[in-house]
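What follows is a single structure, written as C-alpha cells, with notes after it.
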Amino acid sequence: MPNYKLLYFNMRGRAEIIRYIFAYLDIKYEDHRIEQADWPKIKPTLPFGKIPVLEVEGLTLHQSLAIARYLTKNTDLAGKTELEQCQVDAVVDTLDDFMSLFPWAEENQDLKERTFNDLLTRQAPHLLKDLDTYLGDKEWFIGNYVTWADFYWDICSTTLLVLKPDLLGIYPRLVSLRNKVQAIPAISAWILKRPQTKL
C-alpha cells in the first residue's frame with residue numbers, strides 16, 4: 001500500500017471527498033492541514049499553486065476530482081460498469097459545476113453576498129429539482145449501491161446547508177440520501193472524529 005499525504009487547509013472544502021474515500025476504503029493517510037498564514041510560502045512549491053494535493057510514490061497529484069477518480073478506480077465506488085462510471089462522473093460534475101459558481105475568495109463582501117444569495121435562492125432550486133428527479137425512488141444516485149457521487153452529494157449539501165439551512169425543505173428524498181451516506185459506519189466514524197469547521 002502506498003504512503004499517502006493529503007495537503008489542504010483546515011476545512012472540509014475540496015479535500016473532503018478525498019477524506020470520505022479514504023475513510024470508506026479504510027486507507028491510511030496523513031491528513032496534513034495547513035494554516036492560512038503559511039499558504040503564501042507553500043503555494044509556489046505546488047503544481048499550479050493550488051490545493052488539495054495528494055503526495056504518493058514521489059508524485060504530487062492535484063485536482064480533487066482527479067484524485068478521487070484515481071482512488072476509486074477499480075472499486076465499486078466508481079461504478080460497476082463503464083456506463084455506471086459515466087453516470088457517477090456526470091452527477092459529480094453537475095454538483096461541482098454548481099459549487100464552482102460560488103465566489104469563495106471574493107474580497108468585495110457586497111458582491112460576494114449578492115452572488116451567494118442569487119445562487120442559493122434562484123439557481124439552487126433548479127439544481128435540487130433536477131437531482132431529486134434523477135434520484136427518484138432509488139436508494140442511491142446510480143445503481144443499487146453507494147458510489148462516490150453519493151458521497152459528493154453529502155459533502156456539497158452539507159456546505160450548502162451551512163449557507164442556507166432550509167434549502168432541502170421540500171426534498172425529503174435528497175435529505176434521506178444524505179442520511180444514508182452519513183449512516184455508513186466508516187463515514188459516520190469519520191464525521192465524528194474530523195475537526196469541526198464551518199466549511
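Any Cβ shown, glycine's included, is placed from N, Cα and C.
Taking the Cβ of Gln63 (glutathione binding site) as centre and 10 Å as the limit, one finds 16 other Cβ atoms among all the protein chains shown. Taken from Swiss-Prot, the feature glutathione binding site covers Tyr8, Arg14, Trp39, Gly49, Lys50, Ile51, Gln63, Ser64, and the record attributes it to experimental evidence.
Note: the domain 'GST N-terminal' (2-79) comprises 38 helix, 19 strand, 21 coil (DSSP; helix = H, G, I, strand = E, B). Residues or ranges marked as domain 'GST N-terminal' in Swiss-Prot: 2-79.
Helix, strand and coil counts under DSSP for the domain 'GST C-terminal' (81-199) come to 82 helix, 0 strand, 37 coil. Annotated domain 'GST C-terminal' per Swiss-Prot: 81-199, in sequence order.
Residues Tyr8, Arg14, Trp39, Gly49, Lys50, Ile51, Gln63, Ser64 are the ones the record ties to glutathione, and the longest Cα gap between any two of them is 18 Å.
For the binding-site residues shown (Arg14, Lys50), fewest C-beta neighbours within 10 angstroms: Lys50. For the binding-site residues listed here (Tyr8, Trp39), the lowest count of other CB atoms within 10 A around the CB belongs to Trp39. Counting only same-chain residues six or more apart in sequence, the Cβ atoms lying under 8 angstroms from the Cβ of Ser64 (glutathione binding site) belong to Arg14, Ala15, Ile17, Ile18, Pro52.
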